[in-house]
Structures are given as C-alpha cells and as structure tokens.
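Chemist: If you scroll down you'll find the structure; I have some questions about it.
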C-alpha cells in the first residue's frame with residue numbers, strides 16, 4: 001500500500017445512511033487522485049452502525065468505486081468472531097483488503113492479539129491492514145507482535161500506525177518490511193521520512209488533491225515541497241481533533257456543502273466556539289466559497 005487513503009465519513013440523512021451522498025463523496029475523492037478509500041472505520045462512525053448497515057455500506061462502497069481505486073473496509077471488533085464475520089463478508093463482496101483495529105475495552109495480551117489477528121488471517125485471503133490506535137483502544141500492538149504477525153501470515157501486509165511514538169515506528173520499520181501508513185495526518189511526513197508509505201487521512205476528505213500532492217512529493221524524496229503543503233494544511237490537521245473524530249470533519253464537510261449530515265449519538269454537534277475556529281481555518285485555506 002502506498003499513497004493517500006481517506007478514512008471516509010458515513011453521511012446520514014434523517015437518521016439513515018445517505019447512499020447518494022456517499023457516492024458523491026467517493027467520486028470526488030477518486031477524481032482527486034487518492035489511492036483508495038477506507039469505509040466504516042472510526043471516521044465512518046462504525047460503532048453506531050447496525051451490523052446490517054455496516055455490511056451494506058461496505059457493499060455499496062465496492063459498487064460505487066467499481067474498481068477505480070482500492071477499497072479497504074473497516075471490519076475490526078473487540079470480538080474475534082464478529083471481526084471474522086465482517087471480514088469474510090467484506091471479502092465476499094469484493095473489497096481489496098480489510099482494516100482490523102486492535103480489540104478495544106477488553107484489552108487482550110500480546111499473545112491474545114497474535115491469536116485474534118491470526119485466526120482472521122487464516123480465514124480470509126485478502127490483505128489485512130492492522131490498525132494500532134492506543135488512544136482509543138488503551139492497548140498498543142508492540143513492535144515484536146507486529147513483526148511476528150507480518151512474518152507468520154502472508155496476507156498481513158500493512159499497518160495503520162496511530163501511535164504517535166516515532167520510536168515505535170522506527171522499531172517496526174527496522175525489523176520487517178510491513179507497509180506502514182500514518183494514522184495521524186500531522187505525522188505523515190515524519191513517518192514517510194522513516195520509510196512509511198503514506199497515510200490513512202481524515203483531512204483528505206476535504207483536501208484530497210493537496211494531500212495526494214504532499215504524499216507524492218514525500219515518497220519521491222522532495223521533502224521541501226512536501227513541507228510547504230504540510231504547513232499549509234497543518235492548522236486544519238490540528239482542528240480535526242479539537243473534538244472527537246469525526247465531529248470536526250463532518251462539521252467541515254457540512255460547511256463546505258459536501259454530503260455529511262448529522263452525527264449519531266452519543267456523538268453530537270460541535271461547540272460553537274470550535275465551529276468558528278474551523279470556519280476561519282477553511283476560509284484561510286480558500287476552501288469556503
């Protein structure tokens with residue numbers, strides 16, 4: 001995996017998934033050069049989708065993309081059997097890979113992680129992208145575990161690394177050849193400079209062209225040009241996490257007239273003071289017309 005993979009929102013309208021809006025957003029991203037899309041992850045509000053909605057969104061994204069870019073579907077769970085069912089369904093409807101978050105809340109040991117990911121890897125054929133995000137799961141996939149999984153299972157090929165500890169990224173890249181994608185927009189360039197391949201991005205939902213240019217420059221070793229774009233987008237990167245993701249990105253998309261719609265409880269609308277900060281940043285970037 002290499003390039004920019006937006007973690008796409010799930011647009012809602014009147015309490016239901018807005019599939020027309022989903023198609024519009026996907027077409028926009030593809031037209032602006034992304035390498036793939038990642039539905040039903042954290043940004044896609046997967047925790048508040050019903051299992052049937054989760055599966056239908058995956059199916060519809062595969063249909064809308066129609067082979068133009070990769071579809072890497074979020075199929076993780078803190079239940080191995082549920083993650084396995086979602087992953088098998090995603091494979092059956094034609095995804096190019098699955099994204100598996102570290103089990104959250106129940107906090108398995110590193111041995112438990114090996115068995116969790118291993119059981120799923122043995123049951124599907126499509127590539128697996130591990131997703132390490134300790135800030136949400138309260139659990140870190142240790143570098144030794146990542147190395148073991150990459151070497152033991154041929155279809156575990158990449159990791160979305162959202163641990164901000166660059167020492168961990170260095171250990172992983174020094175120990176094995178797994179593809180590392182930044183799971184944090186702000187750390188995209190540092191991770192690529194260490195040998196990473198790209199980013200699973202939130203900001204790319206609204207600035208895909210700029211993000212693709214930045215990552216392309218970085219992967220070509222043109223870091224001076226990449227840094228110019230990084231610092232241009234940096235205020236927006238920071239604001240995407242001024243409140244819990246995906247509250248800021250959905251708010252920004254609504255401001256820009258892009259299909260996004262409401263949030264599902266327990267997530268709720270952004271504070272007015274933060275909306276103003278976001279609006280100012282969008283104005284400064286020339287995104288608001």
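Glycine is no exception: its Cβ is also placed from the backbone N, Cα and C atoms.
Straight out of Swiss-Prot:
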SITE      42  site 'Part of a proton relay during catalysis'
BINDING   43, 200  pyruvate binding site
SITE      105  site 'Part of a proton relay during catalysis'
ACT_SITE  131  active site, proton donor/acceptor
ACT_SITE  160  active site, schiff-base intermediate with substrate
Chemist: Out of 42, 43, 105, 131, 200, give those recorded positions positioned within 10 angstroms of residue 160 (active site, schiff-base intermediate with substrate), comparing C-alpha atoms, in sequence order.
Modeler: 131, 200
Chemist: Please compare the recorded positions 105, 131 by how many other CB atoms fall within 10 Å of each one's CB, and tell me which has the fewest.
Modeler: 105
Chemist: What count of other C-beta atoms do you get within 10 angstroms of the C-beta of the residue listed as 'active site, schiff-base intermediate with substrate', across all chains shown?
Modeler: 27
Chemist: Same-chain residues six or more away whose CB lies under 8 A from the CB of residue 200 (pyruvate binding site)?
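Modeler: Within the chain, residue 200 (pyruvate binding site) has Cβ neighbours under 8 Å at 5, 6, 7, 38, 41, 99, 160, 181, 182, 183.
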Chemist: So for residue 43 (pyruvate binding site), how many other CB atoms are inside 10 Å of its CB?
Modeler: 23
